[in-house]
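Pulled from TrEMBL:
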- 138-165: coiled coil (COILED)
- 172-569: domain 'Kinesin motor' (DOMAIN)
- 266, 267, 268, 269, 270, 271, 272, 273: ATP binding site (BINDING)
Ligand code: ADP
Ligand code: MG
């Protein structure tokens with residue numbers, strides 16, 4: 001066996017070598033082919049590498065050119081943009097700082113405003129609270145005011161009634177007597193010294209406040225020792241102030257609705273004009289304190305009337321003045337003016353109206369707003385007053401001077417005491433009127449209510465009433481006897497007219513005293529003119545003026561007789577009327 005196996009394996013090995021050789025050859029052939037192909041490919045690669053290198057340089061060139069161009073373009077735009085950006089940045093920066101400032105400022109301001117608003121709100125709150133308090137207080141005050149007003153009105157009525165009772169108790173006709181001091185002209189010039197001494201000897205004295213004593217014993221004459229009683233007697237030292245103090249209560253009556261008359265009676269030179277007007281009135285009207293203390297009843301009464309009126313609502317009253325003189329039984333209007341506005345006395349007549357009141361048609365009535373306007377008018381009128389020198393006194397007035405104040409008050413409804421209950425209505429009416437309230441009230445009331453243009457006016461006018469009261473202030477002419485004055489002719493006629501009018505006055509007072517049905521007011525122009533302020537409810541004050549010298553004894557006795565007679569009037573009235581006496585507890 002063994003040799004076979006040896007032969008077989010060598011052939012196999014030979015075959016195997018052959019096969020391997022064959023495969024090697026094939027592989028070598030394949031390597032040659034591949035090397036060839038590789039060479040070709042290397043060639044081609046080299047070729048393409050060359051081409052790529054050329055292309056790359058071209059691309060690089062182009063890229064460089066493009067880059068340069070872009071760089072150029074970009075550099076100019078960028079510069080511009082840069083500048084703009086820079087500017088914008090600056091603007092932005094300043095804007096930013098401005099906005100910052102603004103916002104800070106705004107914050108500051110809004111803070112301040114906030115504080116202010118807060119303070120204002122607090123203030124308003126406080127004010128509101130205060131206002132509410134005030135409203136409550138005002139309401140309370142209004143209520144208490146209303147109550148007080150009501151009580152005041154009641155008290156006013158009571159006061160008025162009591163005052164009137166008091167005045168009536170004192171007498172609706174009262175007589176006061178004033179003795180003037182002895183004056184240089186009381187000496188009887190031209191007579192012997194003894195005669196002079198006895199003439200200027202004092203025979204009339206004020207024994208006390210109510211009694212005057214006349215005591216005189218002359219050789220060849222029956223001696224006189226007589227006393228007279230009056231409501232008040234003033235001695236020669238008593239001032240104008242003291243005289244007026246007793247007159248003033250009558251003016252309260254005047255404003256309560258009663259007519260009042262104050263007259264000075266006495267012989268020439270006894271101090272009538274001094275008592276009624278005072279010595280200064282005919283000068284200028286700007287008084288010194290000293291002059292003011294010398295003012296008489298007329299200026300003082302007017303001041304008092306305006307003072308009392310000023311307590312009433314404005315526009316609810318007006319005052320008209322007339323000044324007349326009664327000379328030789330004729331009435332002269334001393335405020336009448338001619339067409340040139342010059343004042344001169346015009347003769348007027350006195351008549352009795354249907355209502356039985358005395359009236360002087362066409363008499364000049366001037367409206368006055370205050371006492372100095374009034375004095376100015378009286379002063380004007382006085383310049384026209386007829387004077388005539390007699391032996392008694394060089395500037396004696398030979399006429400009766402009658403100064404009249406007509407006071408009209410507007411009152412509501414039937415309640416005489418309540419003036420302008422409705423103050424608001426007064427104000428409303430005031431607003432509506434283009435002319436003064438006083439004028440309108442006068443027009444509306446004195447004509448018909450249809451003239452009142454608005455419903456408010458109409459309603460107010462229907463409720464309103466006018467109340468007229470009159471104050472007559474009279475400086476009578478001298479009451480001396482004809483023989484004594486030593487006058488004749490025209491002056492004698494004057495004196496006789498004066499005496500007649502004064503005795504007519506005495507008759508009127510006598511008739512009132514006896515309560516006669518007919519009072520002879522019309523017997524003289526003087527009494528006719530004074531009719532409404534003498535007698536009835538009117539209050540009359542007669543101021544007897546007495547010269548104290550022996551020289552005037554007869555005249556003084558005559559005047560005292562007149563006063564006593566007038567005083568009896570009052571006594572008679574009081575007794576008959578039996579007025580209630582106000583008790584102290586009331
Ligand atoms: P009648 O008006 O009565 O004629 P008057 O008033 O003119 O009198 O007075 C005459 C004079 O007496 C005047 O000069 C006046 O100044 C003066 N006289 C009057 N009464 C007084 C008095 N009481 N005090 C001072 N002088 C008076
Ligand atoms: Mg006189």
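From the backbone N, Cα and C atoms, a Cβ is placed for every residue, glycine too.
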Check each residue in the chain of residue 266 (ATP binding site) that is at least six apart in sequence and keep those whose C-beta is under 8 Å from its C-beta; list them in sequence order.
-> 272, 476, 478, 479, 544, 545, 546, 547, 555, 559
When you measure from each Cβ to the nearest atom of ligand 2, which of the binding-site residues 266, 267, 269, 270, 271 fall under 6 angstroms?
-> none
Filtered binding-site residues, from 267, 268, 271, 273, whose Cβ is under 6 Å from an atom of ligand 1 | 268, 271, 273
Lowest local Cβ density among 269, 271, which the record lists as binding-site residues, within 10 Å | 271
Do any residues at least six apart in sequence from residue 273 (ATP binding site), in the same chain, have a Cβ closer than 8 Å to its Cβ, and if so which, in order?
-> 264, 296, 397, 475
Over the coiled coil (138-165), what is the model's mean pLDDT?
-> 84
C-beta crowding around residue 267 (ATP binding site), within 10 angstroms = 26
